[in-house]
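**Student:** Shown below is the structure under consideration.
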Amino acid sequence: MLLVTYFVLFSLHVSFSYSLDIFRRPLDDLEKKYGSFPDELRVQLREEAREMFYFGYNNYMKHAFPMDELNPIMCSGRGPDYANPSNININDILGDYSLTLIDSLDTLAVLGNASEFQLAVKRVINNVSFDKDNVVQVFEVNIRVLGALLSAHLLMTDTHQPLGQLRPSWYNDELLHLAQDLANRLLPAFTESGSGIPYPRVNLRHGRRSVPSAAARSAETCTAGAGSLVLEFGLLSRLLKDPTYENLARKASHTLWSLRSKTTGLLGNVINAESGQWVGRLSGLGAGLDSFYEYLLKAYIMFGEDDDYKMFSEAYASIKQYMRRGRPHCNKGEGDHPLYVNVDMQSGDVHTSWIDSLQAAFSGIQVLHGDVEEAICSHALYYFIWKYYGVLPERWNWQQLSADVAFYPLRPELVESTYLLYQATRSPFYLHVGKDILRNLNSLTRTTCGYATVHSVLDHSLEDRMESFFLSETCKYLYLLFDTDNYVNKNHENYLFTTEGHLLPLLPQFRETVLRSSGAARPPTNTSAPLCDAVDAERTFFLPLKSKYLDQISRQLGVVISKYS
């Protein structure tokens, strides 16, 4: 039995039928509300998701390109904050390289717009240079820019061209060359660190030299930032047949892994790249740690190396042991709704009373791992938080049931998990979730020229910023959720999404070629059986989370989910 549970899970398609079982009890209100979804409405929402993307994309091209981001309220462009080098909230991400255009490339391909995709590629080739005297965060540039370039290159060079004629006749691997140039500019973060853990920021032109502000010079980095590079760096190494990039990325993740707590097996959220000492002992599934776990599993799916899955399996066992609270089983028994909390990495004791919105992506990781029941429960909590506020607060206090940090920057994590759960279960419940998300985004965040960050979920006031991941991820996952006939959905076993939502083909040569100097090539082998637990017969026709548990969590949060809501 092959572990790539990505394959197993998506071939499973636990069937939630649209028909009814006449031999069981009458439907309750929640089953009536969520148990079916009209196909005409699905098609309508697909077109609304398409229009959402183009409204943001076209306005970016009209008002902001070649700058990095769109200010959707003022209809203007945004680039690095040159006046304030310490403004790392902006300067970590924006490097004067047309970020939103690059980040959107594969969304154009997924939407089937080959002509605009080719035009966008030409604009990137003609306008983008990474030879800039700008300090940027290695992690953000890796997932948003390097990953986007590699995704577009791989989609263009696919000989079958399943998403349409994406490759123009004039294309000569220019995006791959740009990707290599960018990666080379990130390498000083690794090579100038004695610990194997990369510094968080580099100057694209001068490396670690010429990093002016104290905030940018800091050697403190988060675990996710330092340990979520192997997918993009590994693909670049295998495309170029140069092990340098993958070796450095793997050394970073292995070094972090070696520094985990000997007591709990958990990692902290902040570490000093120079000393290798933990600065932050918070261990959780959200900001600072989320994509570290994600990339252990996805690197295994992409490259088939046992070490990646071994690390993920051990980490997942520690997560379940120390972070999980609530009743033992998602869909049976009594007790509080399951919740994964932040704990101290050394003791496993509760560290904070809040969880953050980035943790909503972990449900999708659980889907890929095959732990569908747990994914159903962890997703449901975030859906009802969304229902309560209309969008997700950045931090939510699970003791006080209130928003601790109230902004929402159009994040995609809940949409991503919703999409993956729908692909795994085919339950119409997740189409209803997607409808709520799409309609709320249009009613609460749409502005004159795009979609804006919600400054506060309490009063739905807005900030004038549309981050690039809105087009790269949020719109893409919404579109794919409702476009059931999309080639990607019908051939899901052939693709993997990065943490930035970039589409990567799963190619045999990436699993067969090991370039690292640390060992010879090995064929992928089983390290564990998939977790794909069966879904009980009662829910074959109705809800992924039983009605009494949906009602329990809705009552706790004060959310009305009757058939009339």
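Just so it is clear, glycine is given a Cβ too, placed from its N, Cα and C backbone atoms.
The active site, proton donor annotation in TrEMBL covers GLU140, GLU394. Taken from TrEMBL, the feature active site covers ASP290, GLU413. For THR499, the entry in TrEMBL reads Ca(2+) binding site. Residues or ranges marked as signal peptide by TrEMBL: 1-19.
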**Student:** Roughly how many Å lie between the Cα atoms of THR499 (Ca(2+) binding site) and ASP290 (active site), rounded to a whole value?
**Tutor:** 9
**Student:** Rank the active-site residues GLU140, GLU413 by how many other Cβ atoms lie within 10 Å of each Cβ and give me the one with the fewest.
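**Tutor:** Output over active-site residues GLU140, GLU413: least Cβ neighbours within 10 Å is GLU140.
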**Student:** Are there residues of the same chain, six or more positions away from ASP290 (active site), whose CB falls under 8 angstroms from its CB, and which are they?
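**Tutor:** In sequence order, the residues whose Cβ lies under 8 Å from that of ASP290 (active site) (at least 6 apart) are ALA224, LEU358, GLN359, ALA361, PHE362, THR499.
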**Student:** GLU394 (active site, proton donor) to GLU413 (active site): how many Å between their Cα atoms?
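**Tutor:** About 11 Å separates the two Cα atoms.
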**Student:** So which one is it: of the recorded positions GLU394, THR499, which has the fewest other Cβ atoms within 10 Å?
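**Tutor:** Across GLU394, THR499, these recorded positions, the one with fewest Cβ atoms within 10 Å is GLU394.
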**Student:** Take the C-alpha atoms of GLU413 (active site) and GLU140 (active site, proton donor) and report the distance between them in angstrom, rounded.
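**Tutor:** Pair distance, Cα basis, whole Å: 16 Å.
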